[in-house]
Structure formats: C-alpha cells, structure tokens
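Annotated features in TrEMBL:
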- 32-306: domain 'ABC transporter' (DOMAIN)
- 401-422: transmembrane segment (TRANSMEM)
- 434-453: transmembrane segment (TRANSMEM)
- 473-491: transmembrane segment (TRANSMEM)
- 497-524: transmembrane segment (TRANSMEM)
- 545-566: transmembrane segment (TRANSMEM)
- 627-654: transmembrane segment (TRANSMEM)
- 823-841: transmembrane segment (TRANSMEM)
- 906-926: transmembrane segment (TRANSMEM)
- 933-957: transmembrane segment (TRANSMEM)
- 963-982: transmembrane segment (TRANSMEM)
- 994-1014: transmembrane segment (TRANSMEM)
- 1045-1066: transmembrane segment (TRANSMEM)
Amino acid sequence: MAASNGNELLEIETGALPSLPNYVRDTVEAILTSLRLLRSNLHTLTILDNVSGVVQPGRMTLLLGPPGSGKTTLLLALAGKLDSTLKRTGDVKYNGCGLDKFCAQRTSAYISQTDNHIGELTVRETFNFAARCQGASKSWADYLKDIAKLEKEKGIHPSPEIDAFMKVASVGDGENNLVTEYTLKVLGLDVCANTLVGSDMVRGVSGGQKKRVTTGEMIVGPRKTLFMDEISTGLDSSTTYQIVKCMRNFVHQMEGTVLMSLLQPAPETFDLFDDMILLSEGHIVYHGPREKVLEFFESIGFSLPPRKGVADFLQEVTSRKDQEKYWSDKTKPYALVPSSAIAEMFKKSEYGRSIQSNLSVKDGKKFHPSALARTNFAISKWDLLLACFSRELILLSRHRFLYIIRTCQVAFMGVITCTLFVHSRSRADDFAKARLYLSCLFFGLVHMMFNGLSELPITISRLPVFYKQRDNLFYPPWAFVIPSWLLRIPYSIVEAVIWSCVVYYTVGFAPNVGRFFSFMLLLFSVHQMGLGLFRMIAAIARDFVLANTFGSAALLVVFLLGGFIVPKHEIKSWWSWAFWVSPLTYGQQAISVNEFTDSKWSKVSAYRNYTIGDDILLSIGISTHRYWYWIGVGVLLGYSILFNIVLTLALAYLNPLGKAQALIPTESEEQDEGIDSITNLIILSITEMPSSGESTHKKGMILPFQPLVMTFHNVNYFVNMPKTIKGVTPIPDGYNPATWMLEISTPACEERLDLDFATVYKNSDQFRKIEALIDEQSVPAAGTKPLRFETDFSQDKLSQFIICCRKQFIIYWRSPKYNVMRLFFAAFAALILGSIFWNVGSKRETTQDLLLVMGALYSTCLFVGVKNASTVQPVISIERTVYYRERATRMYSSLPYAAAQGLVEVPYILAQTVIFGVITFFMVNYERNLAKFVLYLLFLFLTLMYFTFYGMMAVGLTPTQHLAAVISSAFYSLWNLLSGFLIPQSSIPGWWIWYYYICPVAWTLHGIIISQLGDVESIIVGPGFKGTVKEYIEESLGYETGPGMTVVSAVVLLAFSVLFFSVYVISIKVLNFQKR
C-alpha cells in the first residue's frame, strides 16, 4: 500500500472551555454564519504536508510522533475514512489501485483508541458475528478453489493438515467457525472466549483482552490491512507489549499489513516492529527499517545518549524544546533544525530515495484480484439479515429480565386500572360516567405508547457499535433495523393481549367479542408505533440528553393535540395541522369509536338529542362513523412503517455526535493534472491540533504541605538473582525484567519445558524463606501498636461537601449539552404550551373551559417534570460510575457527595422554573395577580425538584439506566392515572384513595389548581352542573379550597423532594451495582 504527495488542509476555529456561555455563543455564531449574517472566524491548518510512503505486507510498521503531529489523520487517510470537510490532494493506492477502484472499507480497517463492543456478548459470539458479516468462511472457500486449481495445474500435493484446516474453515457456520477459533488462538483470547466482553457496570474481559477483541473483530474476516490508532491508551506497558506481540504473530504468520501508532512504547515493545514512520508537524521525517533510524539521525548530527530509550529519543529530537540536548556534531554550533528541514534531509537520504523508487513502481497487476474487495458487502443480503437476526436473538435473551419487567409492568398497571375503573362504579347511563370510560381508554392508549420509552436508551447505547460496524461495511442499516423490528412484534402482541385480557371486561367496555379483538389490534398498532417512534428519536438525536430534550418536545405536541387534552374544536388554527399529524389523534379516534358506537351507549343523552355514545364523541370532536376505527389502525401501522424507514435512513446517513467538524475552504485552488483532488471524510479530535506555542511565563503551584528534603550517602543496593531453571532462556542485556518474566512463564512455555512454574516455586528455597518471613512478620513486635487512622477520610464531612460542591458546580458549568438543553427545552416547551393554550386562562364560562385550564396545568406539571427525571438519569448513571471508583479510594463519603449532587441541581431547576413559568403564565393568561404568579412559580419549582430527585433515586436503586427507565415509566403512568385529572378524586374507589394521597402529581395539581382557581366565584355551566368555579373544584374534583391547603400542598411537595433525595443518598451508600 502506497501514499504519495498527500496534503490535508483543515479550517479550524479556536475555542475556549465548553462552558454554558461559550456553548451558547458558539451555537449562535454557527447559526449566524450559516445564514451568512456573520463572517466565519476560521483559519487554515495544514495537518499533513506532502507525505509519501509505502507500507509492506508481512512487516510490522510503527507510526511514531508527538501529539498533534497528524498520526490519526494519516491513518484515516490510508483507511479511506477522511471526512468530506477536509481538503485533500494526493493518491492512496493498495497494490497499485486507487481508492476509487475497490472498496477500501472492506479491504482495510481503522481501529480507534476506543473499544466499542456490545458488552452482553461473549468474545466468541463477537468474533462469530464479525466472521459471518465479513464472509470469513466464504473467503476461505474462494481461496480453496484457487489453490486447488493451482495445485492441479502444477501437480502439487497439499499438506494433509493444512488442506484439512482450509476445508473445515471454508464450511464453518455462525456458531462453530474454525476461523474464529484460529483467531482466538492467535490473539491469546481462547482462555476467555466464553466470557462476556463487559461494560462499565458489568464485569467482563480485562482491558488488554478488550483491546485484542477490538483487533480480532476486524482480522477474523478476510481483511488483513489494519491501521491501529493509539491502542495503548489506558493500558500498562506489559499489556501493550503482549498485544503488539500478538499482532506481530498475525502479521508474520498471515502476511498481514499493520500500521500502528503508539505514543511512548517501551523499549521491548519498540523492538517488536520491523519498520517505522516518524511523523512531526505533518512531515514524515523518517520512514524505513526500525534498526536504521539511529543511523539516519546520526548522519544529520543527532545521537542517542546512553540509557535513553530509542522511542523517547525520536519523540524529542524533533521537538523545539528538547532538540538541542541531542546535538552531537561538535564541528559546528547547534541551530534549530525544524521538522520540515529534517523531512527534506530524509528525502535526499538513501532511505528516502528508496521510498520514492518504491512509489514509482506500477505493479498492481501482479497481485491476486481477491486481495482487494470489490463489493460493499461480503455476503448476500439474506445472509446478512440472518446474521443480524441471530445476534438480535442472543441480545433479546440477555435482556430478557428487562422485557419480563416491562411485561409485568403492563400486567400490574392493567390490574390497577381495572380495579380503579371497575364497571360496578361506571354504568353506561350518563355523560359523566362516559367521560370516565373515555379517560380509561385514553390512559390505556398513552400507557401502551409510552411503554416503548425504554427503547430510547437501549437504542442510543448500541449506536457506537453500530457506527463502527456500519463504517466497516459489516452490514447495511436495514439489516440492523429489520431484525429488531420483527422480534418486537411478538412482544407487542404479548403486551396488547395482557392489557386487553386484564382490563377490557373487568372495566366493563362494550361486551361484543369483535370489539374486544378490535381493541386488542389497536393496542398492538399503538405499541408498534411507539416502539418505532422512540427508536427513530434515538437514531436522530444520537445522545441521551438531546433525545430526551427534542423527543419530549415532539411528544408534548403529540400528547396535547391528540384530541383528549385539547378537544379538536378548541385547537388553535395555527396548530390544526398538528392534530392531523399526531399519531395519538388516530389512536384516540379509533379506540373511542370502537367503544362508543356500541349499542351499550345507545341511550339518549340528557343534555343533547344524541345517544350518550355520540354525545361523548362529539364533545371532543371525534366522528361517530365506525370506519374511523379502520382508518386509525391503518394510519398507526403506517406510522410504524414510516418511523422504521426514517430510523433506517438516520442510521444510514447520520454520523456520531461530539466530534469537531471541519469546514471546506471557499477558495478554489488549482491542482496538478496528474493528482486527483478528492474530498474525503475527516473527524479530528483535539489531539490533532498542534500547540500554538510555548508560554514564556513561569508556571508553578503552591504545595498543600510542607516540602521535606531527603538525603542519602554511600547507599549500596544488591539483589539476589533467583536460581537458574534449566531450559529457560536467560534475560538479554538491557531487557525489561517484568516483560521477560511474563514471556517465559506463559502456558505455552510451560508446556514446551514440561514445567509448572507454580510447583517449581513451591518447592524452592525462596518459597520457604517467604513463608518463614510471613510467619515472622505476622506477629507484632513488642511495644508496637497497629497502624490506625483516626478517621476513614482525610477531610471532615463539611470539607468533603465543599470540595464535592466545587467539583459538581464546575462539571455542570462545563456540561452545556445537559444544562443548556434543558433550559432551551424549558423555553421551547413553554412556547408550545403557551401557543396551544393561548388565552384559555381567562375563559370561565363552561365546565369545558375549566377542564381546558386544568389540562394546561396538568400538562405543564407532568411533561416538564417527566422530562427532567428522564434527562437527569443518564447524567447520574455516568456520575455513579465515577463515584464508585472514587469512593473505593476513600476520597469522600456518600453523604457529602450526594448532598453536592443534589445541591448543584437547584440553581438550574430554579432557572428552568423562571423561564418556563414566566412564558406560560402570561401566554396562557392566568389571572394577573402577584400572589398567584409567585405561587405558580413555587409549585412549578417544587414539582421540577421532586421529579429530578425521583430520577436520581431511580438510578440509585437500579443496576442499569435501562432498568431505571423501565421502572420510572411505570411510576409515571401510575402518577398520571391517580393524579386526579383522568379520574377525579371523588370518583376514585375507596381501596385506591390512599394512593391518591401519596401521589406527588396529585398534590401538585391540587396545589396549583386551588392557588389559581380556588377563590374564583365566576358562574360556569356544563353537563349536570351550574355554579361557581370554586364550587366545581370542591364538588367535582374533591379539592379543599381553604386558605391553609395551599401551604399544606407546598409542604407535602417539599417532603416528597426530601424523601426521594434521602432514598437516593441511602441507595448510593448501601448499594453497589458495579460487578467488576
């Protein structure tokens, strides 16, 4: 593989820390720049400058260079994965073929520093899936045909062992693949093949093994060209050595091509490489055999001092700060030799000329055509679908606890619903009872739809692995979407059947069997639509916080304009389009028509010359024609298909968030005729930006302790070398003893020497001496005391709290994605609510007007509160992982940490309250009264606070964020059902009234409604009622409107906040879900 005359140009923008003001400023600037209202503040940066080189098969090549030298850019360029926002000139060729002549993504693989894997799969399952997608068995079968043909032509008799291996490898299936077993053996992963890969919260393989899994996932297929970027990140030198040694075996035994970048390899790791490329400030300053690099630098005046590692020397010899100390040419004074000058010297050297001569050879035709992949995917579409389907089945079984909990949740909520709306209390003889039936239908619809909310975090958590495998052409997006869609159809059927069987007849819906099955079909359609909707939101947002923010805004519109909260005739003209777009509209129409067109509701209404069924339908603007049921079912299934199509498109065309994007230069530049000008992809991390220069100011720090001076004189240190074991290779001079010990004590060495080193050690004098020393040291010396600390922590509780507060406030200030987004959502959701309920606060003529005002207050509390609880959960889940690690080191105790975590939320909740409260109060046009305005803000603040603390508590009590989302959704449904809006307090059965009094949303509605309407004496009329607003609240809703009840409501809500937060504190102190 060759690269010639490569240049990479990027326009970058300097920026400060990602604090809240900077994030807002940058966002505004980006919007104004895109609208051409502001000039772009960008400048051009050359990342790679005229680099050329050749990477040979069968040889390990090290890419060395300091941070910012362009290593990642070079690896991405060679892998054909640069971003189209980068201006690129030059050629990259594989076997003499340009990148446009074959499929580079299948021929090579870029392996990043991050190990993205599905933690619920074992190592073998991960490799088997990768082997199936990459057509490992098919490749071996193709090789076998070519070899058989060649052997026949030349009369060669193959080795029986190799022939048997290739034949077995060519017919392997997904579960028993010989190629997988061979790769596991080569990488030393056979010992953990059946171990889960693991994640932050689930114990799995070690860090070094996970790095090898990342590599093996790529080499288990036919691709043998790997570009490995800083794979030593987070690993110790010994583990890095073992991984590089495994890769060396792969390269030498399987004729692979590997270009690996490392930052500071240990000497023994450095010696494993055959060739090396030294990169500095975008220039290649050396490219050739590893053992010749010192000779080149000596020829230009720089020498390696004694006791200095070669890799460290090469990193520093091109540095402006460190270069002078390596100058060895005493015939002339030192002068800075920049990287560009060293690169020119290299080109004129024999090694540089050798590279140029290799580049001039046009030998693409002598390589076998199958060496380069020509198609996008290795196997047929059907086989890809089967591979993804098999993996999805495994994951479904590994997540079965989650789905069992969700199914039990449906049954549990169904039992509560049927006992709450039991038919003995809801006869079909008046409008008020029909309204309760309508509420029950609406709740069932919403519950089935929002039960798919847990798909949102599951989908987002799988996106990193999907993007990696998509970009390496393992499978197309549709192969990922279809299996998960199909496998959730039985799940939707189960939930629809359970809810229907538990609720339908016990509540007393229309007893017709056909309408029962129609009810079941509709719930299935709603559930499928909800699953598709939430998965689509996850794929578009690609982030937990963004998904919760923008997804909640969309769901708010769907929820409010579905025809129940705001009847069709009450919807403002500017929102009428949303009524017909909302999927809930068609679900509400279909389920209502299915029920209220039955003969059960044929009694004539006491208020209008219609049947009770028609009267209730017309009161919320729903047609009385039966065909609306089938229209509703058809539209819901159509939405399910549409959402999955949009999901597929989002997965196909959107890329991961959170990486700096470049801009294409506007100036057009002339290109040489012989060089292709291609715009290819680049996503750069901050490490690729070179430093802007060294500061001339002195830097230092104030030590938090009194420094001590230690002196020593005439110290001698001796180590007794262990007895030589026969057959063990002696340690070479200058070799790392730790690395040598790991090498000679492997199971393979033990088998070769027919030794068990553990047994040898136990039979040695050294072991007996250690045992004696242990016995001696186990008895305390006379007069000594045990080592004790007065406290478990170095700081007192108050100091811990102050330190944790400082840390949390800095983290939140620098977390704009979370905090700016929730403040933005507060403003955006307030504008939506205000425009939907525009001026309804002043309408007090009928009970319907009052219900509309209550709907505005109900929606305000429920949606914004649920959004806060959902958004805080991923933040707390991440923080909890850090907390487990820091608590284990006794940095601080649980209480100060939790108190700081709760306190840091308060100012942001207060800001949300002010933004949301001011906008909605005046747009909805509640009574202009200062006391009522303050009470409105107070109840809103208390509601947001207890919802936020509930979200924190849910994470603290559950092992995963996914389970927290499932359990939370059950409580949201329960609070919604018993809040006093869907079913008034006066209609709640005695056996459930206790829960009404411990439902926080019920107290929110109670407090906020009586604070705004409890003293209104305006006369209103409606079905079965005529009186004042205050009387309606007391009689129909069951609220006490006395002056003290507002205070009681506020105190109860504050108590809920304290309760939820206290449980969160106890949970993180007592429970530890990190199984590592």
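Using the three backbone atoms N, Cα and C, a Cβ is placed for every residue, glycine included.
Keep in mind the model is a prediction, meaning the values are calculated, not measured.
Contacts between the transmembrane segment (823-841) and the transmembrane segment (473-491): absent, as fewer than 3 C-beta pairs lie under 8 angstroms at sequence separation of six or more. Among 473-491, 906-926, 994-1014, 994-1014 has the largest number of CB pairs under 8 A with the transmembrane segment (963-982).
Counting same-chain residues at least six beyond the ends of the transmembrane segment (627-654), those with a Cβ under 8 angstroms from any Cβ of the stretch are 466, 470, 476-478, 480-481, 485, 518, 521-522, 525-526, 528-529, 531-533, 535-536, 539-540, 542, 583, 586-587, 589-591, 593-594. Long-range neighbours of the transmembrane segment (497-524) within the same chain, counting only residues 6 or more positions beyond its ends whose Cβ lies under 8 Å from a Cβ of the stretch, are 407, 410-411, 414-415, 417-419, 421-424, 426, 428, 437, 440, 444-445, 447-448, 587, 590-591, 594-595, 598, 600-601, 629, 632-633, 636. Across the residues of the domain 'ABC transporter' (32-306), the predicted structure has a mean pLDDT of 81.
Nonlocal intrachain contacts for the transmembrane segment (906-926), taken as residues 6+ away from its ends with a CB within less than 8 angstroms of a stretch CB, comprise 812, 819, 822-823, 826-827, 829-831, 833-835, 837-842, 853, 856, 860, 864, 868, 932-933, 936-937, 940-941, 944-945, 948, 1012.
Panel annotation: around the transmembrane segment (473-491), residues 103, 105-106, 130, 133-134, 376-378, 381, 384-385, 387-389, 391-393, 396, 403, 407, 466, 528, 531-532, 535, 644, 647-649, 651-652 of the same chain, lying at least six beyond its termini, place a Cβ under 8 Å from a Cβ of the stretch. For the transmembrane segment (434-453), the list of distant contacts is 406, 409-410, 413, 417, 421, 426, 428, 495-496, 499, 503, 507, 509, 523, 526-527, 529-531, 533-534, 559, 564, 583-584, 587-588, 591-592, 595-596, 601, 612-613, 615-616, 620, 870, 965, 969, 972-973, 976-977, 982-983, 987: same-chain residues at least six beyond its ends, Cβ to Cβ under 8 Å. Outside the transmembrane segment (994-1014) by six or more residues, the chain places 841, 850, 853-854, 857-858, 861-862, 865, 926-927, 932, 935-936, 939-940, 942-943, 946, 950, 974-976, 978-981, 985, 988, 1029-1030, 1033, 1037, 1039-1041, 1045-1046, 1049-1050, 1052-1053, 1056 with a CB less than 8 A from a CB of the stretch.
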